[in-house]
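Straight from TrEMBL, the features:
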- Glu93: active site, proton acceptor (ACT_SITE)
- 99-339: domain 'Radical SAM core' (DOMAIN)
- Cys113, Cys117, Cys120: [4Fe-4S] cluster binding site (BINDING)
- Gly168, Glu169, Ser200, Ser222, Leu223, His224, Asn299: S-adenosyl-L-methionine binding site (BINDING)
- Cys342: active site, S-methylcysteine intermediate (ACT_SITE)
Amino acid sequence: MTQKQNIIGIAREDLEKEFIDAGIPKFRTKQIWHWLYFQGVRSFEDMPNIPKDLRQKLGDSYTIHRPEVSKALISVDGTQKWLLKFVDGEEAECVHIPEVDRGTICLSSQVGCTLTCKFCHTGTQKLVRNLTAAEIVGQMMVARDAFNEWPTPSSNRHVSNIVMMGMGEPLYNFDNVAKALKIIMDPEGISLSKRKITLSTSGVVPMMDRCGEEIGVNLAVSLHAVRDDLRNTLVPLNKKYPLKDLIDACRRYPGVNNANRITFEYVMLKGINDTNVDAKELVRLIRGIPAKINLIPFNPWPSSDYECSTPERIAAFSDIVFKAGYSSPVRTPRGRDILAACGQLKSESVRQSKSLLSSLNAGI
Ligand code: SAH
Ligand code: SF4
């Protein structure tokens, strides 16, 4: 028997083609798409305007599959984290951050990460694999399920914004990320505007142009250092794509203007990258780019080499950047108590499976 395919995650044009090849008229794609991504149904039986025999046929060929929630945690600040299990047993996490005027879902693009940024816990975990488009869209759908946010509301959504800032480097899984975001942006389904989506990269320069041209979402760049020698250490990818190339790619990123700025992320590491000289060099480096600087207090993890800068140092750094004309908000750490803050993802589940492993080894 051939395995059924998950219909979630198939690009709209590919689905239309598959249907036409199977003798299903084109207008059915639109209807089925609406049921899947606007209404959020989980069974072909719940599509009443689709003839019974076609529902049967669809059910014979496809499933409507979401990742399984193997653990759901909620922080004292309302942040939620879901550990999701995929069909092969691999796991990744996504996080929902509620704010007064919006709710942001932080999606993962890979299980683990091949890059080894010194301050990032995810970077210490070896990459297991890229996530598929279905697994990326699935994270969004699981969050929408949790808030019972179907059919797609036109306003006041719990899941109103996306940041591709979870586990993994999204531009190392470009095809699947692009496919997933196009599904999420489709106006007849989940319908999230590209302006509500931000993709964060550690600086995969050759893919940044394609990201702008083919997906067109907002760009965040994990800068973290303003000199190549330091950035080579903190973000080793810098050895391949140094600051000059990175900043040039930011300058030409399509669609950037004063209303759509590039976000530069800068993790505040005590005594490493947080001096006034660094702040002034940062301003010089990005001059002319419509940008805002997001200062991220370092989130420590066991055996990490760094400490977070003091609040006074962060304030002084922020002030220099602000006075040079850039918005320089300090990112409030959210969900630290459930290990959901930046750079902490997957750590809990890895630690748990290790302890599980040792208890198994001990014959418990
Ligand atoms: N791989 C992508 C996106 C995921 S990381 C990237 O690197 O941009 C999301 C953000 O969290 C990045 O800016 C990353 O540098 C930052 N980050 C990683 N570890 C952190 C930590 N321990 N404390 C604070 N921020 C961290
Ligand atoms: Fe990977 Fe981003 Fe962490 Fe660097 S900061 S190791 S690119 S997830």
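The backbone N, Cα and C atoms fix where each Cβ goes, and this holds for glycine too.
Automatic prediction, not curation, is the source of TrEMBL annotations.
Locations of recorded TrEMBL features on the structure.
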| residue | record | Cβ neighbours (10 Å) |
| --- | --- | --- |
| Glu93 | active site, proton acceptor | 27 |
| Cys113 | [4Fe-4S] cluster binding site | 24 |
| Cys120 | [4Fe-4S] cluster binding site | 25 |
| Gly168 | S-adenosyl-L-methionine binding site | 28 |
| Glu169 | S-adenosyl-L-methionine binding site | 27 |
| Ser200 | S-adenosyl-L-methionine binding site | 22 |
| Ser222 | S-adenosyl-L-methionine binding site | 27 |
| His224 | S-adenosyl-L-methionine binding site | 25 |
| Asn299 | S-adenosyl-L-methionine binding site | 20 |
| Cys342 | active site, S-methylcysteine intermediate | 28 |
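The recorded positions close to Gly168 (S-adenosyl-L-methionine binding site), defined as a CA atom within 10 A of its CA, are Cys113 out of Cys113, Cys117, Cys342. Long-range Cβ contacts of Cys117 ([4Fe-4S] cluster binding site) within its own chain (separation 6+, distance under 8 Å): Gly123, Ser202, Ser222, His224, Leu234, Val235, Pro236. For Leu223 (S-adenosyl-L-methionine binding site), the same-chain residues lying six or more positions away in sequence with a CB closer than 8 A to its CB are Arg231, Leu246, Phe264, Glu265, Tyr266, Leu282. Across the residues of the domain 'Radical SAM core' (99-339), the predicted structure has a mean pLDDT of 95. Spatial neighbours are here defined as Cα atoms within 10 angstroms of one another, and by that definition the neighbours of Glu169 (S-adenosyl-L-methionine binding site) among the recorded positions Glu93, Cys113, Cys342 are Cys113. Between the two most distant C-alpha atoms of the annotated S-adenosyl-L-methionine binders (Gly168, Glu169, Ser200, Ser222, Leu223, His224, Asn299) there are 19 Å.
Only Cys113, Cys117, Cys120, Glu169 of the binding-site residues listed as Cys113, Cys117, Cys120, Glu169, Ser200, Asn299 bring a Cβ under 6 Å of any atom of ligand 2; the order follows the sequence. The recorded positions near the residue listed as 'active site, S-methylcysteine intermediate', taking a 10 angstroms Cα-Cα threshold over the set Glu93, Cys113, Cys120, Ser200, Asn299, are Cys120, Asn299.
Contact annotation for recorded positions (Glu93, Glu169, Ser200, Leu223, Asn299) versus ligand 1: Glu169, Ser200, Asn299, each with CB under 6 Å from a ligand atom.
For the pair Cys120 ([4Fe-4S] cluster binding site) and Asn299 (S-adenosyl-L-methionine binding site), the Cα-Cα distance reads 9 Å. Of the chain residues outside the [4Fe-4S] cluster site list Cys113, Cys117, Cys120, Leu115, Thr116, Phe119, His121, Thr122, Gly123, Thr124, Glu169, Ser202, Gly343 have their Cβ within 8 Å of the site's Cβ mean position. Distance between Cα atoms for Asn299 (S-adenosyl-L-methionine binding site) and the residue listed as 'active site, proton acceptor': 17 Å, as a whole number.
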